[in-house]
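A quick write-up on the structure given underneath.
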């Protein structure tokens, strides 16, 4: 027993790097994936940066809704930057090795920004609920202090979750080939590569991530449930059209985000399907941050008018 314990500790301490083998079964598509990831990352950064600039430069957009959109754009740039550049380099250069410390850091920040995004979506849904269902009290309820508190609370929740997930995952022992069946250090994939019993980790991930995903999703869908009822009861067709056009784009992104994230983290045995994980996780790690500026803002009439006004000034 003493020998096995010592051997286990040696295996744990000797691990200095992992091998990312996501999409390794398709060698002919490596360059294509690298180019595709690079293009999507550039679009993500440029799109979200433009969104931030437009909101900052136009005083008419200094409202709670656009305050949250601005923060979402900052978050999406950070969120995508944790995953996409490393993945693009991995595919183009074939360097699939990631150090133990880099893997832990990538998991920490990915969990931080991913969890914060879930809370942001809930906050933005509540903002739309207040604006449409309680328009007369909107300015009083959604004051600057509450908006800042909501953003800070979202990041704090993300910090708590990422600390729990990263510390629990990297307390496991890693031995054998050290292969991670993913293109980045995601919690289920790293857990799956461990030679320890992951039952406790599975329960913790299901409890913590499941409660966060289900809780924030409930806030979103209950808010939009009330919004839909309010829109249907509006007497003016123009008011219904305007309110619905704002909410429909939000619901598209929300459904895509929570659908994929629920599949990955909020169901039993999430770590046991690593092959599906790589494909599905592209949606919420790369595609959604790229689409958010278009879904949330560029379809918005106020943003397009502001953009045209600023371009005319130039």
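Every residue gets a Cβ built from N, Cα and C, even glycine.
Some features that TrEMBL has for this protein:
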- 47-296: domain 'G-protein coupled receptors family 1 profile' (DOMAIN)
- 31-54: transmembrane segment (TRANSMEM)
- 66-84: transmembrane segment (TRANSMEM)
- 104-126: transmembrane segment (TRANSMEM)
- 146-168: transmembrane segment (TRANSMEM)
- 203-231: transmembrane segment (TRANSMEM)
- 243-266: transmembrane segment (TRANSMEM)
- 278-298: transmembrane segment (TRANSMEM)
Segment confidence, the domain 'G-protein coupled receptors family 1 profile' (47-296), expressed as mean pLDDT:
87
Answer yes if the transmembrane segment (66-84) and the transmembrane segment (243-266) have at least three CB pairs under 8 Å among residue pairs 6 or more apart in sequence, and no otherwise.
no
Counting only pairs 6 or more apart in sequence, are there at least 3 Cβ pairs under 8 Å between the transmembrane segment (203-231) and the transmembrane segment (146-168)?
yes
Check the transmembrane segment (278-298) against each of 31-54, 104-126, 146-168 and return whichever range has the most CB pairs under 8 Å.
31-54
Cβ under 8 Å to the transmembrane segment (104-126), counting only same-chain residues 6 or more beyond its ends: which ones?
65, 68-69, 71-72, 75-76, 78-79, 82-83, 86, 98, 150-151, 153-155, 157-159, 161-163, 165-166, 169-170, 184-187, 190, 212-213, 215-217, 219-220, 223-224, 250, 253-254, 257-258, 261, 284-285
